C-alpha cells in the first residue's frame, strides 16, 4: 500500500463507487408502501465502500454520487441531503477502518462493530444533521423535516443493517484470511 | 425500461461556447443566491433571468421535459406535505394572519401561508433551470477540467470524470444482471411481498457490486501502468480558454449575487414581507 492518502485505487474507487451509487439510488430503491420512504440499497453499498476504501473514499462517494444522482436524474440537487450522504460515508469510513475487512475475518465481533458504527453515524446524520440543514438552507417547517429525517434514517439503518451486513460478510469471504496459513 | 437521464446536448449557442469554469462558477453563485434568499423580488428577478438564459442556450423544452414533469410532481407533493405539517408556517414567518377561509381546526388558508409556499416553489424554479442548463451545456470531460482549474485536486476531478464516464456502463450492467436474474424467476416488481423483494434486489446488487469492485481493480492497474498521478499537475484534452464573454459573464454573475444578497439581508431578514 502507498503511504499517499490518495492512491490510484482510491481515486478509481471514488469514481466507480459514485457511478454505482447513482445507479443503485435510481434503479435499486424499493418503495416500502409508506409515501416518500424507500429502501435505499445505495447506502448499504456506501457503507461497504467506506469500510473497504476508508473515510476519504466514503465521503467523496457520498458527495459525488448523491450530487450526480440528483443532477442527472432529477435536475435539481438537494444539497442538505447530499451533505448528509458525504457525512455518512466519511464517518463510517473513519470508524470502520479498525475492522480491517481486508484480513478476511468476519466474525460476530466484526459484524456487531460494523452495525454499531453504521447505526450511530446514520442516526446523527439523518436525525440531526439532515433536518438542521433543511431548515437552515430551505427554511422548511421543522416538524416536517424532522419526521422525514427520522423515517429516512430508520429505513437506512435497517437497510444497511441487513443488506450492508450481507455485503460485508461476502466481501470478507473473497479476501484470503490472514490466518489461513498453518505451519505443518 | 429505457430510463432517460440528463446528459450533454451538442448545440451551437453562446451558452455552449462559454468555458466550463465560467458555467460552474455561475451555477454555484446562482445556487447560493437562490438558497440564501427568500426575498420574492430577488427570486422573481432570478427566475426571469434564468428563463432568458434558457432561451439563449437553444435547449428545447422537450429535451428536458421528462425531468421537468418529475420535478413538478415532486414540488406538488412537497407543497402538500408542507401544508399538512405546518399550515401556520407562513403566519409565523410574516407575523400577520389574513384568513381566506377555514377548513378544520388549525387548518385554515391564509394569504401568508400561500405566499410562503409560493416562495418555496419559486426557489426551485430559480435553481432548476440553472442546474439543468449546466448539465446539458457542459461536456463531461470539460467539467472535470473546470473543476481542476477551480482548484479542486486533479485526482478528485478525475474521479468525477470517471463517475460520469461509467454511469452508462454500470446502468447497462445493472440492466443485464436484472434481466438475467428475472429469467431465472427472480421477481422485482410489486407483485412480490416486501421482504422477498428486498432479497431479490440483493440478488441483483450483489453481482453488480462485486463486478464493480473487479472493475476498480482493472482500471486502477491500467492507470498505474500509464503513470497516472506521478506529477503534481496535468493537462486536459478538453479545456476551453477564457475569452471576453467569460469575463463579462462572471462579472455580471458576481454583481447579481452581491446585489441579491444585499437586498435580501439589508433589513436583517431573509424574507420579504409585503404584509406590514
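In case you wondered, yes, glycine gets a Cβ from its N, Cα and C as well.
Quick look at what TrEMBL annotates:
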TRANSMEM  A:6-29  transmembrane segment
TRANSMEM  A:41-64  transmembrane segment
TRANSMEM  A:76-96  transmembrane segment
TRANSMEM  A:116-139  transmembrane segment
TRANSMEM  A:145-171  transmembrane segment
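Packing against the transmembrane segment (A:41-64) from elsewhere in the chain are residues 5-6, 9-10, 13-14, 17-18, 20-21, 24-25, 28-30, 82-83, 85-94, 96-97, 99, 101-102, 114, 118, 122, 156, 159-160, 162-164, 167-168, 171: each is 6 or more residues past its ends and has a CB under 8 Å from a CB in it.
Long-range contacts of the transmembrane segment (A:145-171) within the same chain, counting only residues at least 6 positions beyond its ends with a Cβ under 8 Å from a Cβ of the stretch, are 32, 34, 36-41, 43-45, 47-48, 51-52, 101, 106, 110-111, 114-115, 118-119, 122-123, 125-128, 130-131, 134-135. If you look at the transmembrane segment (A:6-29), the same-chain residues 6 or more away from its ends with a CB under 8 A from one of its CBs are 38-42, 45-46, 49, 52-54, 56-57, 60-62, 64-66, 68-69, 72-73.
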